[in-house]
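Participant: Relevant sequence annotations retrieved from Swiss-Prot are reproduced here:
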- 136: active site, proton donor/acceptor (ACT_SITE)
- 165: active site, schiff-base intermediate with substrate (ACT_SITE)
- 46, 206: pyruvate binding site (BINDING)
- 45: site 'Part of a proton relay during catalysis' (SITE)
- 109: site 'Part of a proton relay during catalysis' (SITE)
């Protein structure tokens, strides 16, 4: 399998008059390609996937595949649900659209056991058995943690499961996983600890901040994977203020606001129950953004 590693961006989904802004979405993806991002990730948490219709979900993936075709940038598409059958349907749809790999968030709200998580992921991955497949662990949102034992079991038993996006915020979890299975591809799912995860054997990142600063995030990863840890850490340290500011409200509220302030999207629209940030937080993110050179479309 030709797996996806390196710098990946959890794409926002721009709306205009309540609908998917296809032109803006295409331009955002082109900007990622032009700034060296290894893969774009449509319809994940940052893309407000939980409030997209099935048709919108599919269209986002189709646009990403169309724009990335023939470039060095791949498409790592989201296909998650708290219903295993729905997640299988989403994974098969993504595969038919021509994506390069699939990631799937742990089922939220239903609080399955570790055995339930194992069976859930096994069923989804085996439904697209020739497609590279990544787990996505974000217990702060799903209220369930895919344990290290379950990750290892899935990696050992299911041939196309090659990695995990770790958004627990725990460096210890990454160290444990890689000490037990060095060949497992662990991605940082938390912008604040991208460098520590890469320095401890991580294979890549899935970033929110790279929507805004893809050039810096791409370079951070490239340096780390080439052994320039001093250079990678310097970029990570420089990005600390913006990484922090982008999460003062629930993601993707602040990254969308930042993209709007930067002129990278024309309208600041969310799907309920998400709403625009407070005036105070808009001022905070705008102030922090002044410290960075943000490249246009």
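Each Cβ is built from the backbone N, Cα and C atoms, and glycine gets one as well.
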Participant: About how far apart, in whole Å, are the alpha carbons (Cα) of residue 136 (active site, proton donor/acceptor) and residue 109 (site 'Part of a proton relay during catalysis')?
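Facilitator: Cα to Cα, residue 136 (active site, proton donor/acceptor) and residue 109 (site 'Part of a proton relay during catalysis') are separated by 15 Å.
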Participant: Just counting, how many other CB atoms are there within 10 A of the CB of residue 45 (site 'Part of a proton relay during catalysis')?
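Facilitator: 23, counting other Cβ atoms within 10 Å of residue 45 (site 'Part of a proton relay during catalysis').
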Participant: I need the most crowded of these recorded positions: 109, 136. Count other C-beta atoms within 10 angstroms of each C-beta and give me the top one.
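Facilitator: Checking each of 109, 136, the winner is 136.
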Participant: Distance check, please: Cα of residue 109 (site 'Part of a proton relay during catalysis') against Cα of residue 206 (pyruvate binding site), rounded to an integer number of angstrom.
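Facilitator: Checking the Cα atoms of residue 109 (site 'Part of a proton relay during catalysis') and residue 206 (pyruvate binding site) gives a distance of 23 Å.
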Participant: Just how many other Cβ atoms lie inside 10 Å of the Cβ on residue 165 (active site, schiff-base intermediate with substrate)?
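Facilitator: I get 26 for this one.
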Participant: Ranked by the number of other Cβ atoms within 10 Å of their own Cβ, which of the binding-site residues 46, 206 ranks first?
Facilitator: 206
Participant: Could you state the CA-to-CA distance between the residue listed as 'active site, schiff-base intermediate with substrate' and residue 206 (pyruvate binding site) to the nearest Å?
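Facilitator: That separation, Cα to Cα, works out to 7 Å.
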Participant: Look up residue 45 (site 'Part of a proton relay during catalysis') in the DSSP assignment and report helix, strand or coil.
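Facilitator: It is coil.
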Participant: In whole Å, note down how far the CA of residue 206 (pyruvate binding site) lies from the CA of residue 45 (site 'Part of a proton relay during catalysis').
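Facilitator: That comes out at 11 Å between the alpha carbons.
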